[in-house]
Ligand SMILES: NC(=O)c1ccc[n+]([C@@H]2O[C@H](COP(=O)([O-])OP(=O)(O)OC[C@H]3O[C@@H](n4cnc5c(N)ncnc54)[C@H](O)[C@@H]3O)[C@@H](O)[C@H]2O)c1
Ligand SMILES: [Zn+2]
């Protein structure tokens, strides 16, 4: 087991990572008047017994339906009602036991119930190495993702890696894309090592735990430098401007699978803007080897543009991208709709014809 500390405006919290770290929950549970576990049906079925084993107190459990649709006002309200009806008090502890959906939702519940009660992230997906660290919690509005939220750091992140063994390949890919993103924005060695894997198989091994640790370090360093996203934290959105558009347009993709495609466009724009070679073909080959679904449709430029124009991070109708001057050197660049649309169309034409990404 390894430990990292994350500094926030409210003090520090630990991240425990490895095999057996669920036991680190004990002191937090002993201190709490009540424990409330928020999880989803899949994680409950697969892993609740493992968690229950280390809970010394009887816990209240709220189980949501798996998937992004649960990050809603309705589910948020239902959980608040559950807490009130069960007379959960200010000294209770919420455990967010699941992937990024559970983490974001349970974190926002914790941030707002009685003006804030303690919560601990117990992530169970690879992607959640990203979402559980940094204190951003949120639910969705029907007009956009993550629009209602807070910066609310957990008391700890407890990352029990054996729980990841039941993830599907799709979920592995999703988390891997965020690791690759961390490589692109800050660590060429991490990037090159990740891209040297040609199958998903090594993901279960020791070497992978070391890479995951490096990826966590990137996230930790970025959020410590800019907890409230006044500047450099935005670099974590590398691949996300176009990635979110793809995610909204093609519902069969997981978040990370869409981000992986978003990264292709960010590399393309970086090449155009800074006249640099970022080995885009190597990156696409890597994604293909790992069977990433590379949905890109040449006739959907207008729809993609509309999704990007509605991104909450835009200011004054400018579309904001994180681009790279080189690997490890991200910069924020904004484009007007008129500037971006022809570049997007050219990108889609080239990708769907020459690289034959998808039709
Ligand atoms: N707060 C942040 O900083 C931040 C950062 C990145 C992403 N996010 C959010 O994270 C969410 C995506 O997270 P996610 O990909 O973990 O999604 P998720 O929570 O929906 O999990 C993906 C799927 O995996 C299943 N699952 C979870 N753990 C499992 C396990 N151990 N074995 C088998 N199946 C398991 C879930 O039931 C679900 O069906 C999005 O809502 C995104 O907005 C937040
Ligand atoms: Zn992401």
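Heads up, the Cβ atoms here are built off N, Cα and C, so glycines get one too.
Unlike curated entries, TrEMBL annotations are predicted automatically.
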TrEMBL annotation (transmembrane segment) - matching range among 69-91, 92-114, 115-137: 92-114
Residue 100 (NAD(+) binding site): tally of other CB atoms within 10 A of its CB: 25
Where the record names 100, 101, 102, 103, 104, 124, 125, 136, 145 as binding NAD(+), the maximum Cα to Cα distance in Å: 21
Contacting binding-site residues for ligand 1, chosen from 100, 104, 125, 178, 240, 255 when the Cβ sits under 6 angstroms of any of its atoms: 100, 104, 125, 255
Top Cα neighbour of residue 240 (Zn(2+) binding site) in the set of binding-site residues 102, 104, 145: 145
Under 8 Å by Cβ from residue 102 (NAD(+) binding site), counting only residues of that chain that are 6 or more apart: 38, 39, 40, 43, 64, 96
Cβ packing number for residue 125 (NAD(+) binding site), 10 Å threshold: 25
